[in-house]
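A.B. asks: Feature table excerpt (TrEMBL):
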type	residues	note
BINDING	5, 6, 7, 8, 9, 10, 65, 66, 67, 68	NADP(+) binding site
BINDING	52	NADPH binding site
DOMAIN	2-94	domain 'Pyrroline-5-carboxylate reductase catalytic N-terminal'
DOMAIN	156-260	domain 'Pyrroline-5-carboxylate reductase dimerisation'
């Protein structure tokens, strides 16, 4: 039995992925503080909703999908009932495996940092093993996640960096997309046209980088003719220090993640 504790957007994405990958709805339960949300999931997916304590008692695998600030209360609630749990997987940003192990001391814990493209089956997840988790537990976690994301293993000490790069990464792409769309509108394009062109440009560029295996600098140079329009744009980006600003911003995100984990 798999129990998903927390049925927000990411919890639902995990639920949907589990069912798409062949898990029987009868083998999955969910819990959420909102009764109406539980009713929605029952209607949409045919899964049973239980109270947190009941779900923890019934499950061999726990997927902890609550918000980070709600994790301490959840762990305190379920700890007395989770004796049969053989694997706890947490997707709560910034929550260390050691924190979960304090409440579930005999349970293998795997920490996951997903990102929001998981909602459309295109996520990137970074996983780290807690002190009791083995290769078997990492493989089990990978199998659960692969329906909705790629999966990359890192030591837990790199989780803050991975969160800054990948967990927060979609926001950077959306920020760039906003700027490109606004530029198109400023130059006279209808907003819908600017959005369509920006979306396809970002999607196509990412696909080309993935499929070609080329370094992004090589692909950029292939578009950049001497004295041309792209060269003028790149020169302005360099003059404004955009490259260093992006680097500094991601490092700031990592540092903030470390601060939040220590609070």
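Each position is counted from 1, following the chain as shown.
Placed from the backbone N, Cα and C atoms, the Cβ positions cover glycine too.
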A.B. asks: Roughly how many Å separate the Cα of residue 9 (NADP(+) binding site) from that of the residue listed as 'NADPH binding site', to the nearest whole number?
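C.D. replies: For residue 9 (NADP(+) binding site) versus the residue listed as 'NADPH binding site', the Cα atoms are 18 Å apart.
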A.B. asks: Where residue 5 (NADP(+) binding site) and residue 52 (NADPH binding site) are concerned, what is their Cα separation in Å, rounded?
C.D. replies: 7
A.B. asks: So the record assigns 5, 6, 7, 8, 9, 10, 65, 66, 67, 68 to NADP(+). If I measure every Cα pair among those residues, what is the longest distance in angstrom, as a whole number?
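C.D. replies: The widest Cα-Cα gap among those binding residues is 14 Å.
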A.B. asks: Any idea what DSSP makes of residue 9 (NADP(+) binding site), helix, strand or coil?
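C.D. replies: In the DSSP reduction, residue 9 (NADP(+) binding site) maps to helix.
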A.B. asks: Taking each of the binding-site residues 5, 7, 65 in turn and counting other Cβ atoms within 10 Å of its Cβ, which one has the fewest?
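C.D. replies: With the binding-site residues 5, 7, 65, fewest surrounding Cβ atoms within 10 Å: 7.
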A.B. asks: Pop the mean pLDDT for the domain 'Pyrroline-5-carboxylate reductase dimerisation' (156-260) in here, whole number is fine.
C.D. replies: 96
A.B. asks: Helix, strand or coil at the residue listed as 'NADPH binding site', per DSSP?
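C.D. replies: Where the residue listed as 'NADPH binding site' sits, the three-state DSSP reduction gives helix.
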A.B. asks: How far is it from residue 7 (NADP(+) binding site) to residue 52 (NADPH binding site), counting Cα to Cα, in Å?
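C.D. replies: Counting only the Cα atoms, the answer is 11 Å.
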A.B. asks: So, three-state DSSP: helix, strand or coil for residue 67 (NADP(+) binding site)?
C.D. replies: coil
A.B. asks: Rounded to an integer, what is the Cα-Cα distance in Å between residue 67 (NADP(+) binding site) and residue 52 (NADPH binding site)?
C.D. replies: 15
